[in-house]
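Written out below as structure tokens is the structure these notes cover.
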Protein chains: 4
Amino acid sequence: MVHLPEKLLNGYRNFMAGRYASETSRYRTLADDGQTPETLMIACCDSRSAPETIFDAGPGELFVVRNVANLVPPYAPDGEYHATSSALEFAVQGLKVKNIVVMGHGRCGGIKSVLGPTHEPLSPGDFIGKWMSLLGPAAEAVSGNTMMTAGERQTALERISIRFSLANLRTFPCVDILEKKGRLNLYGAWFDISTGELWAMNPVTGDFERPRLD
Amino acid sequence: MVHLPEKLLNGYRNFMAGRYASETSRYRTLADDGQTPETLMIACCDSRSAPETIFDAGPGELFVVRNVANLVPPYAPDGEYHATSSALEFAVQGLKVKNIVVMGHGRCGGIKSVLGPTHEPLSPGDFIGKWMSLLGPAAEAVSGNTMMTAGERQTALERISIRFSLANLRTFPCVDILEKKGRLNLYGAWFDISTGELWAMNPVTGDFERPRLD
Amino acid sequence: MVHLPEKLLNGYRNFMAGRYASETSRYRTLADDGQTPETLMIACCDSRSAPETIFDAGPGELFVVRNVANLVPPYAPDGEYHATSSALEFAVQGLKVKNIVVMGHGRCGGIKSVLGPTHEPLSPGDFIGKWMSLLGPAAEAVSGNTMMTAGERQTALERISIRFSLANLRTFPCVDILEKKGRLNLYGAWFDISTGELWAMNPVTGDFERPRLD
Amino acid sequence: MVHLPEKLLNGYRNFMAGRYASETSRYRTLADDGQTPETLMIACCDSRSAPETIFDAGPGELFVVRNVANLVPPYAPDGEYHATSSALEFAVQGLKVKNIVVMGHGRCGGIKSVLGPTHEPLSPGDFIGKWMSLLGPAAEAVSGNTMMTAGERQTALERISIRFSLANLRTFPCVDILEKKGRLNLYGAWFDISTGELWAMNPVTGDFERPRLD
């Protein structure tokens, strides 16, 4: 009796014969000493933009939150369950990460869903509709511009959402304080699935630019 | 002027020269045709247990939610922002995934934090304390058992939490209905960082067992 | 007595010793037989985006109109002097070009001037203000979106203006007829001065995409 | 799917591998700092007389207006759209160029069209007919002189048109004032496509002379 999809088991076999075999001591050390990742990555669930793949990151390097459209809600200490804020708090206060990267990507389905036309909720709970409504005002400003193509509106909102999440990150007192002390750095990035291009946000202007790799 | 940590840029260079170079057409097709992942993976943010690494998964294969301790809260259509429920809805109703895997792992910091001794909140908002309180009753039952070692209590709660998340998944009507129709399969898995061992949950007994890989 | 700036005379010396010397017969043939360029290029006056340079074009290849912001006004047979419409008519009806390319570029000063803040006219005649007012409605739609950065608004309007000029080209009966007969092809392109990247417009979606050069 | 003529894409490849590769930092600086060309060149659209080629000019050196027969209409602040006057205003008042060069050339099709015999308009709008009528009185004087050969009449009108445009330039108050202050210099040039010869206008006599290149 097999208790996992065959494809995953095959992949796991490759992992054991490959990466784990060649990095056994690294895994053991990480298990014994605990993790000390330098970077918290806030990324999208999308199957095409895994941070470990795009940044060729090994075990122990990236502490990764993934939700639809890589959103950070604003600071709301209201006693509710907050998946993203919890991970943020754990990474910043518990693990003392040095960097937070919000990484968006092209052709994001979550972003597309708020640019209309209006859809029926995916289920009666309409969780995704509520979640993406965090971007409501920005989506409205973009979707009204019919002189931009659908693709341009999509890219524009993807990038706005990264700046939105970065701004929300700074509403968390711990992030704000540590950044001002120079002990925490915030970054924005956007990945183009088709071309593989990575665009990094210029922290001064907010523009996304191709980093010079040479 | 570099707008990303140097280490990430180096990793990205490797990605472009390696994986992207050898899978360019796959990325382009995934961009043009959209993603059709078969599996929703609910995993922990921990830097040592990236699903794509452990399952050697390529682009387009896994839709991945990552939060602290890979928890799924119970169905609560209350109009609040729900990161995890949104991703679940999107994967099941939007992308029509066939499998949902809840993957926990050893030495999970989130699990450890609820097994006491009681800590000061990491910040005044105490997001992580509230988040992990989802496991409150289970944690209480385990932490009172002083005949188990600290390590055993930790592993026990890690596995309980996977069954807890699977049970919560079934409180979502769409999951419940599709599973009963045989169109959605739920799985539990637990990864041992130190040994690299993967344990899969027996759906009948709830036990975690080593799958036979040969 | 020198009747041209020294720098231009030096450049001309290089031309005679270089390009002209190696292409003398080509120039002679072009003089004797007349020009038969295949492409009308409508480009900006900007000193950083010369079409012959960017497309490495030799003598006889490109018939080039250059005005501020590479604009084509709508068809207006009103008996006034129309520099751009005249060149268009000459190229299409006289020279029977096969292609028309509207090429914009990044950091265009003309585009920037309509995205405000409102400036004093450069001179009492305010020619540039009137000329750029061709883009008035589009500029208004873009400049109101303060969630986009100044750079993003600029790029958006640069690309909108290319689509605008292409649409205006099609208001000229001769262009419309020949395009429908398949004897004339219209293209849009956008050049990034900083990176040297050329983006070509997808004629179906209007999006600008990097052409695959491999 | 290719969205540009193949020939242009090939040329662009050469540009990237050649000029851009060897002048990358120059392009980047020009993008970051903006353009500061010293010279406004008013030239013809003709595919055989690209200013950048003839003057071996690099990026950032020439701000270039190109229309049929390199004409400057007289100053007419009438609130209409003026492509050429706009570019002139932008170059002189915005970019503060030091030089304006009107460059004509031999075998100019626009000039030829006004020397008769009378042609049918190229299209019902007859844009080119109206545009070239700027030279009407001059053309009439020349075309009536049957003692000059057709070739001599053509060259004569080409050179008259350069002086005509220079005179019109001086009807613009900003040009007139800056020239009188010694901050702006006006030049005329004429290029012989066949021989590659460049003739510069003597500002005192109006004659076109071969500059000494040694």
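Cβ atoms are placed via backbone N, Cα and C, with glycine included.
Note that TrEMBL annotation is computational and uncurated.
As given in TrEMBL:
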type	residues	note
BINDING	D:CYS44, D:ASP46, D:HIS105, D:CYS108	Zn(2+) binding site
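Of the listed binding-site residues, namely D:CYS44, D:CYS108, the sparsest Cβ surroundings within 10 Å are found at D:CYS108. With every protein chain in view, the residue among the binding-site residues D:ASP46, D:HIS105 whose Cβ has the most Cβ partners within 10 Å turns out to be D:ASP46.
Taking the centre of the Cβ atoms of D:CYS44, D:ASP46, D:HIS105, D:CYS108 as the Zn(2+) site, the nearby residues of that chain (Cβ within 8 Å, site residues left out) are D:ALA43, D:CYS45, D:ARG48, D:SER49, D:ALA69, D:ASN70, D:GLY104, D:GLY106, D:ARG107, D:GLY109, D:GLY110, D:ILE111, D:GLU158, D:PHE191, D:ILE193.
D:CYS108 (Zn(2+) binding site) falls within neither a helix nor a strand when secondary structure is assigned with DSSP, and so counts as coil. In sequence order, the binding-site residues from D:CYS44, D:ASP46, D:HIS105 that place a Cβ under 8 angstroms from a chain C Cβ are D:ASP46. In the three-state DSSP assignment, the secondary structure recorded for D:ASP46 (Zn(2+) binding site) is coil.
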